[in-house]
């Protein structure tokens, strides 16, 4: 009898939170992605949605900067010739979206609207001003030109109108009114058979996050954002798609490999994991329902670690205590980290060995199959590690991708050893000292003193001009 009671209690503890959420929004119908107007100033909606707004503002507390290159200098070599070799920090709170894209060394130090290394598309996941500009100018108009062109226009941090149809009656009445504010995301969801306007409540919750937390690339003359999902969302599917169109993000300056750079494929990896397969959404874990001081339930917009709200997140479904689940997650994270480092070591050697082969007179025909192995190995490694939460979202898939990356890297190095032998090189190719970020950057020829000085000048001179112009045009409240 006691066992039956326990089973019943567990059953209702699993279904009750989802029943409650479903019943709260049962009267809603899916919201169209089309909006009448886009108001990008987030504080406009504070009076209507005070709890959500204040919790969103609290993402500014997630302010710590973690330098991923300093933590793991191998990354500098893997991204040699690409802006990520200059600067790569782990993500912070949504309140820093605009600040961080301005301050990263990857965006350079443009002096004019037509200057700089990156396209307008690099703003696309940073601000509701993007949705406003797309509505005003159309996608072609928005994507046209360099990143610096958007400086005076894209000034409000990632917020309300990125995920909600803020002009709708539903939103005015306190309902979520979820929407896909990026048309390219809407097309991508349709490509995988998930049109947003036909999706259920739970699917929509993850889709709005999937506008940005995805793999993407820039296509065409305007460098427009596109998700490479035409063949599917698994790493091999996207690899096949990229290979078919002969796409590469850059050429590694050491090995001359045409490389692919994964972005932040949380939607893809979540979909492949146990939570995604059971429709446990991003919102369930990262934006739970909590109570305000008056006891009213609202969605917490301080997006963060589920363990910080254990009772409202994990405990809704899991019977284990917090410490037990933290240990499980820590073990999975360590397993992925250990394999990640092993793959990186192989890839670092492969890039330098490929350089040695070129220096010894290798031909394009001799190098092509080797470079293809390096490309595929690093792509699979990158898709696994670029999703920072893969140890939670899909640990088995992460280990599978890293194992495949290890195999591909080993294939490349085996072929390189044979090729180098034909050139009379049978000794091990030595590596330079890459024990720190600074030494690794020096090894690939980066003048970091100059790069940093140019960036500081840009931040002191150009960015204040952008903000002044935005205030004059009424795009910023203060």
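Note: Cβ is positioned from N, Cα and C throughout, glycine not excepted.
Those TrEMBL annotations? Automatic predictions, nothing curated.
If you check TrEMBL, you get these features:
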type: BINDING; residues: 94, 209, 212, 213; note: heme c 3 binding site
type: BINDING; residues: 122, 125, 126; note: heme c 1 binding site
type: BINDING; residues: 160, 163, 164, 301; note: heme c 2 binding site
type: BINDING; residues: 215, 216, 261, 263; note: Ca(2+) binding site
type: BINDING; residues: 216, 264; note: substrate binding site
type: BINDING; residues: 275, 314, 317, 318; note: heme c 5 binding site
type: BINDING; residues: 282, 285, 286, 393; note: heme c 4 binding site
type: SIGNAL; residues: 1-26; note: signal peptide
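Distance from the CA of residue 301 (heme c 2 binding site) to the CA of residue 94 (heme c 3 binding site) is 10 Å. Maximum C-alpha to C-alpha distance over the listed heme c 3-binding residues 94, 209, 212, 213 is 12 Å. When each of the binding-site residues 94, 164, 286, 393 is scored by how many other Cβ atoms sit within 10 Å of its Cβ, 286 comes out lowest. Within the same chain, residues at least 6 positions away in sequence whose Cβ sits under 8 Å from that of residue 314 (heme c 5 binding site) are 285, 306, 307, 322, 325. In the three-state DSSP scheme, residue 164 (heme c 2 binding site) falls into the strand class. Cβ atoms within 8 Å of the centroid of the Cβ atoms of 275, 314, 317, 318 (the heme c 5 site) belong to the same-chain residues 280, 285, 306, 313, 315, 316, 325, site residues excluded. Those residues of the chain, other than 122, 125, 126, with a C-beta within 8 angstroms of the mean position of the heme c 1 site C-beta atoms are 97, 101, 121, 123, 124, 127, 130, 212. In the structure shown, the C-beta of 126 has more C-beta neighbours within 10 angstroms than that of any other entry among the binding-site residues 126, 275. Apart from the site residues 215, 216, 261, 263, the chain places the Cβ of 214, 217, 262, 264, 265, 386 no farther than 8 Å from the centroid of the site's Cβ atoms, the recorded Ca(2+) location. There are 22 other Cβ atoms within 10 Å of the Cβ belonging to residue 213 (heme c 3 binding site).
Most other Cβ atoms within 10 A: among the binding-site residues 209, 212, that distinction falls to 212. When the binding-site residues 125, 263, 275, 393 are compared by Cα distance to residue 212 (heme c 3 binding site), the shortest distance belongs to 125. In this structure the C-alpha atoms belonging to residue 301 (heme c 2 binding site) and residue 263 (Ca(2+) binding site) are separated by 23 Å. When the alpha carbons of residue 216 (Ca(2+) binding site) and residue 286 (heme c 4 binding site) are compared, the span between them is 23 angstrom. Residues within less than 8 Å, Cβ to Cβ, of residue 318 (heme c 5 binding site) and separated from it by at least 6 positions along the same chain comprise 325.
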